[in-house]
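Single-structure report; data block below.
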Amino acid sequence: MALTCTDMSDAVAGSDAEGLTADAIVVGAGLAGLVAACELADRGLRVLILDQENRANVGGQAFWSFGGLFLVNSPEQRRLGIRDSHELALQDWLGTAAFDRPEDYWPEQWAHAYVDFAAGEKRSWLRARGLKIFPLVGWAERGGYDAQGHGNSVPRFHITWGTGPALVDIFVRQLRDRPTVRFAHRHQVDKLIVEGNAVTGVRGTVLEPSDEPRGAPSSRKSVGKFEFRASAVIVASGGIGGNHELVRKNWPRRMGRIPKQLLSGVPAHVDGRMIGIAQKAGAAVINPDRMWHYTEGITNYDPIWPRHGIRIIPGPSSLWLDAAGKRLPVPLFPGFDTLGTLEYITKSGHDYTWFVLNAKIIEKEFALSGQEQNPDLTGRRLGQLLRSRAHAGPPGPVQAFIDRGVDCVHANSLRELVAAMNELPDVVPLDYETVAAAVTARDREVVNKYSKDGQITAIRAARRYRGDRFGRVVAPHRLTDPKAGPLIAVKLHILTRKTLGGIETDLDARVLKADGTPLAGLYAAGEVAGFGGGGVHGYRALEGTFLGGCIFSGRAAGRGAAEDIR
């Protein structure tokens with residue numbers, strides 16, 4: 001599905017757009033900005049949406065996404081025998097977030113409000129606008145600690161039928177043909193205009209036209225300047241994941257050394273510029289050291305943006321080894337604790353790890369994040385989806401990474417596999433005996449129906465959930481079983497993705513100053529605001545919460561701005 005929004009009217013580029021009036025300006029045409037614009041337009045207000053990229057990039061990172069949504073006690077869960085509740089979800093959220101700072105007051109208020117939304121009207125509100133949900137519910141971030149610690153106690157990851165593009169299209173369709181909504185692409189905001197202690201507009205640079213495809217780097221050559229005025233400005237410009245300089249600048253000391261090698265899970269235009277611009281205008285920025293970067297990144301053999309990486313969404317069965325060939329500690333199993341794994345890796349002195357698995361595991365347990373890596377789900381082709389899951393071998397996109405990727409090796413014996421791993425570039429040579437000891441010890445634990453090995457126990461527990469048993473988790477077996485071969489190893493990189501801190505706001509998305517009072521006329525939503533309040537997730541996330549955070553905070557910003565304008 002191509003979402004180019006070619007039928008949506010643009011503000012006239014360059015000096016002809018000078019002085020265009022609007023009730024509200026939205027900076028950023030990603031999901032949060034689109035939702036905010038819909039709320040404003042529904043209330044009869046004139047909206048101008050500015051974005052530094054071309055119209056091909058409408059929808060921002062949501063377009064590239066898997067379309068996962070965090071829902072609580074949904075019909076999809078109940079059909080699968082999952083007993084969820086608001087109370088359990090809030091327990092999981094707060095245990096995961098671990099709020100512990102004075103500046104976490106508003107983020108925690110947002111957390112309570114968001115769980116209310118996810119357990120309440122979120123599903124019905126989205127379905128009324130056209131959302132369709134895939135019937136199997138995924139179980140992300142399983143935790144592995146105690147009941148009050150990190151992780152989802154039950155599966156809550158609901159996949160949009162049509163993935164990210166279908167979710168974006170819900171709001172694009174609402175804005176299409178609305179005469180009160182205008183887009184100004186290739187308009188890069190450089191400054192928020194502050195007059196009389198209030199934000200009254202924006203100034204910036206008109207960039208030269210670009211016909212680059214979605215996600216590809218575009219020119220920053222200036223062809224003019226602009227200034228627009230409005231009663232409200234909503235910043236919905238995204239995070240810092242494409243700006244490795246900012247990622248490194250804000251890297252938390254508690255996470256160990258700053259990685260030297262990073263892949264990018266987002267395009268270069270996810271640059272975090274507006275965070276600093278808002279701060280210069282008086283906005284409080286909190287929790288800049290909280291980030292969400294994935295540890296299962298692989299190099300894209302067909303990159304769209306610089307250092308383009310793809311995340312593996314793994315099932316729980318792969319053996320996870322560090323760069324020295326030692327098994328990661330409990331409970332750092334695939335899909336259990338992203339941040340805990342990241343901290344272990346950075347403190348290990350290396351920037352990569354290994355999955356060791358076999359053909360049987362990769363066939364069922366490897367999914368690649370992103371709509372372009374899931375053409376059956378994205379294209380809403382049920383027949384193709386069923387065929388791809390029923391036939392022997394991994395899904396086509398996974399097989400393509402095995403065949404063409406630079407991070408995968410396979411062999412018929414473990415000794416041959418370790419030799420192949422050692423041939424990959426930029427690796428510390430692995431000792432065969434160290435790897436063999438980890439594999440052999442793990443394989444001994446699957447002989448019985450019970451085990452002291454925490455990962456094997458977790459795999460068996462996961463298979464008691466119908467969704468995992470049917471489509472996600474293989475039965476425990478020896479990695480070295482010839483019938484399950486060949487053996488496979490995947491070199492995993494750290495992949496930048498989400499900004500968890502950001503511009504501080506109240507529950508109406510009003511931007512706050514350092515003294516805690518609102519900066520009149522300014523609102524923030526989406527990743528630039530830490531998905532709500534300056535960090536609704538705290539230190540960690542439960543997954544399916546980023547798109548939902550953009551929707552919830554974008555809705556709050558649109559409604560809050562409309563109320564104040566009226």
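Glycine residues also receive a Cβ, built from the backbone N, Cα and C atoms like all the rest.
Taken from Swiss-Prot, the feature FAD binding site covers 23-54.
For L31 (FAD binding site), the count of additional Cβ atoms within 10 Å of its Cβ stands at 33 [all protein chains shown]. DSSP assigns V35 (FAD binding site) to a helix. With a cut-off of 8 Å between CB atoms and residues at least 6 apart in sequence, the same chain places F171, A525, C550, I551, G554, R555, G558 near V35 (FAD binding site), listed in sequence order.
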